[in-house]
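Dropping a structure here in structure tokens format, bear with me for questions.
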Amino acid sequence: MMKVVIVAILALATTLVSAYDPSPLQDFCVAINNTDSAVFVNGKFCKDPATVTANDFFFPGLNIPGNTAASKLGSSVNLVNVDKLPGLNTLGISLARLDFAPYGLNPPHTHPRGTELLVVMEGTLLVGFVTSNPNKLFTKVLNKGDVFVFPIGLIHFQFNIGQTNAVAFAGLSSQNPGLITIANAVFGSSPPINPDVLAKAFQLDKNVVDYLQKQF
């Protein structure tokens, strides 16, 4: 069943490919990290087709639950992008497994280069995204088998509101969709944003801003 769902996600996500990942002009362009006998395409060097094997299109392990205990937020995301699966290069697609402990959170974040299509495998998730100005929230409670789409570049989240673990899979319309976690970016940037800027932007006391920056 899991294999069928993953295939369905990938098939649907291919319809969401944007100009950020242009259509390939060859059957495949397996990514490599060096320039030996290689051609540079879409930010990666292409492996010589004569040396490509089935393993270049293979990634094991998405049946293994993520370690949610290792996160303060009680969630784990295993993203299979072009850096983990070289055969994805130029194909404009990637896949992620999301695990949630009870009340675990995948915090507000964006994917600057990819739309996300999420399907819940186990548990109950509260999900949502916020539009650009005037910042309207679209939110929904998802149960097993439900699907929700998060448009490219918009802030979104997933929160396990159940008392049991939750599992979801997501297809993304880019081989490398990128990730900006809002709290980390605002309060944990390097070098840090001037606290006066954040205090005024969020209408907070500067001591609160200092405290928040220390958390990241």
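Glycine is treated like the rest: Cβ placed from N, Cα and C.
According to TrEMBL, the record shows the following:
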BINDING   Asn106, His111, Glu116  oxalate binding site
BINDING   His109, His111, Glu116, His156  Mn(2+) binding site
DISULFID  Cys29-Cys46  disulfide bond
DOMAIN    60-210  domain 'Cupin type-1'
SIGNAL    1-19  signal peptide
Please list, in sequence order, every residue of the chain apart from Asn106, His111, Glu116 whose Cβ lies within 8 Å of the Cβ centroid of the oxalate site.
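Checked against the 8 Å cutoff, the neighbours are Ala96, His109, Thr110, Leu118, Phe150, His156, Gln158, Ala170, Leu172, Pro177, Leu179.
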Out of His109, His111, His156, which of these binding-site residues shows the lowest number of other CB atoms within 10 Å of its CB?
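Relative to the other binding-site residues in His109, His111, His156, His109 has the fewest Cβ atoms within 10 Å.
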Cys46 (disulfide bond) has how many other Cβ neighbours within 10 Å of its own Cβ?
22
Whole-number answer please: how many Å between the C-alpha atoms of Asn106 (oxalate binding site) and His156 (Mn(2+) binding site)?
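On Cα coordinates alone, these residues lie 9 Å apart.
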Return the member of Cys29, Cys46, Glu116 nearest to His109 (Mn(2+) binding site) in space, with distance defined Cα to Cα and candidates limited to these recorded positions.
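So, of the listed recorded positions, the one sitting closest to His109 (Mn(2+) binding site) is Glu116.
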Show me the subset of Cys29, Cys46, His156 whose Cα is within 10 Å of His111 (oxalate binding site); these are the recorded positions I mean.
His156
Which chain neighbours of the Mn(2+) site, leaving out His109, His111, Glu116, His156, have a Cβ atom within 8 Å of the mean position of the site's Cβ atoms?
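Same chain, not in His109, His111, Glu116, His156, Cβ within 8 Å: Thr110, Gly114, Phe129, Phe150, Leu154, Ile155, Pro177, Leu179.
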Do any residues at least six apart in sequence from Glu116 (oxalate binding site), in the same chain, have a Cβ closer than 8 Å to its Cβ, and if so which, in order?
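For Glu116 (oxalate binding site), the qualifying residues are Val149, Phe150, His156, Ala170, Gly171, Leu172, Ser173, Pro177.
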